[in-house]
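Colleague: I grabbed these lines from TrEMBL:
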- 20-43: transmembrane segment (TRANSMEM)
- 26-465: domain 'Major facilitator superfamily (MFS) profile' (DOMAIN)
- 92-109: transmembrane segment (TRANSMEM)
- 115-138: transmembrane segment (TRANSMEM)
- 150-174: transmembrane segment (TRANSMEM)
- 180-199: transmembrane segment (TRANSMEM)
- 228-253: transmembrane segment (TRANSMEM)
- 260-283: transmembrane segment (TRANSMEM)
- 303-330: transmembrane segment (TRANSMEM)
- 351-373: transmembrane segment (TRANSMEM)
């Protein structure tokens with residue numbers, strides 16, 4: 001039973017004698033759920049002027065709404081998403097989606113700006129379901145398609161970011177902002193039903209660790225795991241570049257020599273669908289190689305794209321289009337490969353590892369937006385582009401400081417050669433689940449984590465990923 005009263009469909013009940021099958025259909029359910037919960041964070045952005053007029057508040061006051069939603073989301077990343085390692089994920093996800101559905105309905109119904117602002121924060125807090133789904137997908141997917149499963153959920157999340165802005169703008173143009181939130185609540189209600197009917201019940205991982213122990217171990221992971229620290233620094237710098245690029249691109253296209261309209265500038269955002277469409281293919285490629293090599297190749301691609309942008313962004317629009325496409329693809333490869341590598345650190349702590357990684361992305365986006373905008377306004381587009389080029393060079397340096405096969409607690413250096421193809425046999429020897437992973441092995445992995453001391457059974461060396 002979910003919540004002691006809601007029956008679990010018989011085909012989804014946990015059975016230790018059977019291995020949970022994670023097929024394409026379930027992967028797509030995860031992706032769609034990520035789409036409509038992540039969209040909650042962005043519906044308000046095209047609606048700010050309507051919200052200002054409707055509530056009778058200034059533009060300055062209404063601009064607090066996106067900040068409150070993002071603040072709620074950051075709080076959820078810190079306080080809720082790590083609990084995926086503590087509680088059963090099925091009821092946690094059902095509770096999160098049900099909460100975000102009701103809160104979104106509250107946004108549609110309220111007539112008070114203060115209530116709208118408070119509900120916005122709570123909606124952000126409840127919209128962390130994708131950050132529970134991503135590590136769950138990694139847990140359920142067979143190792144030979146784990147990166148593909150992660151990439152598919154990431155693609156759903158990216159579509160949600162793009163879809164929210166487009167839908168909100170179009171719907172509000174012809175009706176009112178209330179209709180946007182009614183539609184969002186309806187979509188999430190449909191997601192809730194889909195999750196109830198498709199999400200398998202899984203046992204909790206850490207039976208002996210309490211909530212504050214999970215939070216404490218999350219903090220410890222951020223400073224004691226070399227591979228995680230490396231990935232966080234790379235992702236922080238990469239997301240700063242991403243935010244810097246897209247925010248300052250608006251200023252570049254809106255001014256000379258291009259002078260694009262708001263609609264024309266907005267259409268560039270749809271380029272993001274290119275990366276989303278390639279997500280499963282990207283994941284399948286990463287599944288076949290050592291993630292470090294995929295990350296390095298993607299980062300070198302980012303370096304090339306930022307170099308082109310620095311040299312030619314203000315010269316010809318073709319350069320901007322090429323860079324948009326290239327950055328989108330390379331960012332997707334980099335994020336999925338880094339996530340795959342980080343998840344290999346510990347099966348039992350994937351929710352906490354993911355929380356730390358996503359927080360680094362969040363901080364990077366804030367940094368890129370703030371610093372990039374200031375540099376663009378003061379020094380122009382080329383200086384802002386050069387800033388991203390420098391941040392990308394930092395990423396390359398961080399990757400080269402620690403090789404692909406280093407032992408788990410080696411901070412700097414190279415060990416174990418340069419093999420680029422993934423060896424499934426090596427994975428099984430060092431603790432990464434094999435395709436024939438049994439339920440007994442999963443339970444054994446989950447039992448070895450005690451209050452932040454993550455020493456997996458027989459795992460004295462980092463997985464060869």
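Glycine too: its Cβ is placed from the backbone N, Cα and C atoms.
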Colleague: Do any residues of this chain, six or more beyond the ends of the transmembrane segment (351-373), have a C-beta under 8 angstroms from a C-beta of it, and if so which?
Modeller: 70, 73-74, 77-78, 81-85, 131-132, 134-135, 214, 217-218, 221-222, 225, 228, 231-233, 235-245, 247-248, 335, 338-339, 342-343, 345, 384, 387-388
Colleague: Do any residues, 6 or more residues outside the transmembrane segment (115-138), come within under 8 Å Cβ-to-Cβ of it, and if so which ones?
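Modeller: Contacts with the transmembrane segment (115-138): 22, 27, 30, 33-34, 37-38, 40-41, 44, 51, 55, 64-65, 68-77, 80-81, 84, 89, 92-93, 96-97, 99-100, 103-104, 106-107, 146, 149-150, 152-154, 156-157, 202, 339-340, 343, 350-351, 353-355, 358.
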Colleague: Look over the recorded stretches 92-109, 150-174, 180-199, 303-330 and say which has the most C-beta pairs under 8 A to the transmembrane segment (228-253).
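Modeller: Most Cβ pairs under 8 Å with the transmembrane segment (228-253) come from 303-330.
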Colleague: Averaging the per-residue pLDDT over the domain 'Major facilitator superfamily (MFS) profile' (26-465), what integer do you get?
Modeller: 85
